[in-house]
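Q: Got a structure for you, questions after.
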Amino acid sequence: MSSPISIVLIEDSEDDYILTEEALSEGLAGTDYSLQWLDHAPDPDLFLEQYDPDVILIDYSLGAVNGVDFARDIRERNAFVSIILLTGLSARVFEEVDQQVEGVGISDFFPKKEVSGATLSRSVRYAYENSIQRRQLQEQAATIEDILLRTEVVMWRESKLSDQEGWECFCSDSIQKLSGYSKQEFIRRRMQLIDLVAASDCERVRKAYSEAPSGELKLRYRIICYDQSERWVEETRETIRDPDSGEILKVVGCLRDITREIESESMQQLMAKSLDQSSDAILITDANLERPGPKILYVNKAICRMSGYSESELLGQSPRIFQGPKTNRKVLNRLRSKLLAGDNFQGMTTNYRKDGSEYILSWRISPVVDSSGQVTHYVSTQTNVTQEIRQREKLKEQENFLSEIGSMAKVGGWRYRKSTDHLYWTDQIYEIHAMPVGTPISIDDALSLYSKVDQLALKNAWHTCLDEGVPYGLTLEMRDRRGEHKWCHTQGVPMWVNGEIEGVWGVCQDVTESRKRSLELEQALRDANHANEAKNQFLMMMSHELRTPLNPIIGFAELMLSETTDPEQCAFLKQIQFSATHLVELIGEILDIASIESGRIKLESKAFSVSALIHEIIEMFQPSAQEKALSLEYLDAAHGDSDTPLICVGDESKIRQILINLLNNAIKFTHEGTVRVELLPPALNASEVDVTVLVRDTGIGIRAENLDSIFDRFYQVDQSASRKYEGQGIGLNLCRELAELMGGTIHVGSEFGVGSVFTLKLKLPRHVPEGPEPRSEGANTCLEERGQVLVVEDDAMNRLVISELLQSLSITHVLAEDGFEALHYIESERFYLVLMDIQMPKLNGIETTRRIRSGTSPNSHVPIVALSAHVVDDIKKEAIEVGMNDFLEKPITLSKLRTFFEQTLF
Ligand code: ADP
């Protein structure tokens, strides 16, 4: 059922109202309608809201209000209501009003006097139908607007304004949702779509518009919305041009927001690009797991690079194309069952390239599921891990190697981190400590295995390393978990991280074996040293014991020689003298070697003339040279033109010993020709002298192959039983030891059958003499005039021989048997010199000297010269320390005694 026609009459005259009311009731009889009467023009908004009329009948003149103006107000607010204007004006004025009414949207206008039931009802009916149609149109338009709003499509129309002032653009309401501008704003501001286009697209769009032929055109561009945001739109436009001039008359079209499409399009493009350019190889197949297997639908470039196949060679194939003999079937079976269960799969196996070469592939396959839960595809991400696997294998091999070495060397590594308070041990360290590998271990556990003392040392070292970064290395005694006694050497260094000490790490080695060996060695060395010491003690004692009886043998032989004229007896005595002297020398040499070995030998520092020393030795050897008819020469080039003798500071007796040995050998091994000693011009500087002495002979020479060995101890070139040269092979060895002890060298040069030359080189401090020379001939005074000598000697034979010797030199002397007797003499008589034996029973020479020196007798400063068969440096040193002035070695010979008295300045 249709609703009643709602009619509102706005009429200020009640009569006219009644007239109109009667006309309507007559004309609309049988029609459902309502009539409301208002006697003035109301507020249009309130009016429309309150009455919502279908037809408004309005008087032209409503007092001050013009009915046409009111009708215009209503029309602006409502496009559908029908307005009928009634007027009581004259025909002339009526024509004027008729013109005013144009464009206001009034459906009918007639004079009141023409109002009748028939005319008015016809006009009202017509107006009502119009209103209904317009309402329907409005509803349709609203529906379209709604659709447009929902679909976010904007319908629009641009038409050229007739006044040539521009264009008018009508848009659907949805323009507001799209652009933020309302359709009214478009009209009010005379906006066109081009006004929305973003500057960057504007030129392109304008060009397209102007060039667009009649018909449809699609364009995509960006617009700038009211809130300045940017959106993508797609415009479809239909251009209507003047067929003659080609001028654009009208454009209609629609606009669609495609921002999201564009975004998702570019996202899709990005994803496609990412997939394609991904360094991970990606392969997509369909979900067919049955024979012939899933079909490859997509491969990215990395797959092609990795496999050597092109995209077209792979698409449509099954991934079996990559498999080969080494491809692990078990892995493939696992893959299949996982995929059948709809699970992800991760695995590794060998694949094959197009050229047949192998590579190890790690791959992960995930099923793609559609909205119904059905697996539609498989996506596989693949990585070539050949390098990593090979490196891992290599690393594993190295680790095993290191571990093997560690086991062999019983050495392992450890690491402690402060931050985690965690101590890590390698397997070898567990082995060393006899603990199951992997047992959790704390610092205290580790420490508890060491001995108490070592625990403390290790704790200290550990904390110093951890706090101050000081590395350590300790050999520690421990008991392993099985209680086995062990030694291990542990080293720790700080672990620096970003300039901070994060912990300590290091190595630990089981050194039990080497420690045991070194302890054994140390013990063996101690034993050897004791044995050596015992040997040296024995040698010293033997030397003393042997020299003591030799002293009288040599002395008496010498004395008898001076008194005997019988040539046969002379020869025997000489033989006795020679053999005894040789024996003494031998004892001396053995003792010297023993002293050097035990480090007992001390060097003396006394000023002496090298030239004078060589002279003395040459003199000594003249007789034996003459005996062999050899010429013994001395070439002294030390002084040059200077008269000043060259005085050095050093151990004269040791240099003498070396030169005697060399000269002795030279004479021994030379049968004809010359033995010559040369003192080369020394290289001098303010404080030192380079002394070079050559001992040259024209003897048997030494073969080149023996030259290196002759300085070895007990070495002799001719070792056969029928040797014609006596000797023990000690001399040269002693010479070299002594030379080296003094910081010098000794070398040999020789030509077999031609001769040899031995060169002694020494660097000695230079002595600048202040007083008289040490070897001056100052002792001119007659020996017997000097006063009497006290001889202290416990051995009766020695006393006798010394006494005889002194007597033969006309030196008055007194003999004392021991120290006490000597002290007695010292107290009671005056002496020029004391010759004091060292080793004596009761009171020995050292003690006797100490007492003399500390006594108050006039003899307390008397020169005391030791007379001893003890020739080791220690005893000499002790003798000098207690105040003895010099040392005379036994056996004492006449010549030795004479030289002593002649040269001593006491
Ligand atoms: P020895 O007591 O046997 O002489 P040395 O140590 O003095 O012991 O000498 C070792 C060896 O060197 C001698 O046995 C000899 O063979 C050789 N030798 C030493 N000096 C000479 C030399 N001047 N001429 C030839 N051979 C020499």
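Even glycines carry a Cβ here, placed using N, Cα and C.
In case it's useful when we look at the structure, here is the feature table from TrEMBL:
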type    : residues : note
DOMAIN  : 6-127    : domain 'Response regulatory'
MOD_RES : Asp59    : 4-aspartylphosphate
DOMAIN  : 163-216  : domain 'PAS'
DOMAIN  : 267-342  : domain 'PAS'
DOMAIN  : 343-397  : domain 'PAC'
DOMAIN  : 541-766  : domain 'Histidine kinase'
DOMAIN  : 788-905  : domain 'Response regulatory'
MOD_RES : Asp837   : 4-aspartylphosphate
Q: Could you put numbers on the helix, strand and coil content of the domain 'PAS' (163-216), residue by residue per DSSP?
A: 29 helix, 8 strand, 17 coil
Q: Under DSSP, the domain 'PAC' (343-397) has how many residues in helix, strand and coil?
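A: Summed over the domain 'PAC' (343-397), the classes give 12 helix, 30 strand, 13 coil.
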Q: Could you state the whole-number distance in Å separating the C-alpha atoms of Asp59 (4-aspartylphosphate) and Asp837 (4-aspartylphosphate)?
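A: On Cα coordinates alone, these residues lie 175 Å apart.
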Q: Where does Asp59 (4-aspartylphosphate) sit by DSSP, helix, strand or coil?
A: strand
Q: In the domain 'Response regulatory' (6-127), how many residues does DSSP put in helix, strand and coil?
A: 58 helix, 30 strand, 34 coil
Q: How do the residues of the domain 'PAS' (267-342) split into helix, strand and coil according to DSSP?
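A: With helix first, then strand, then coil, the domain 'PAS' (267-342) has 38 helix, 10 strand, 28 coil.
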Q: Based on DSSP, name the secondary structure state of Asp837 (4-aspartylphosphate): helix, strand or coil.
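A: In the DSSP reduction, Asp837 (4-aspartylphosphate) maps to strand.
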Q: Give the number of CB atoms, excluding that of Asp837 (4-aspartylphosphate) itself, located within 10 Å of its CB.
A: 28
Q: Around Asp59 (4-aspartylphosphate), how many other C-beta atoms are within 10 angstroms of its C-beta?
A: 24
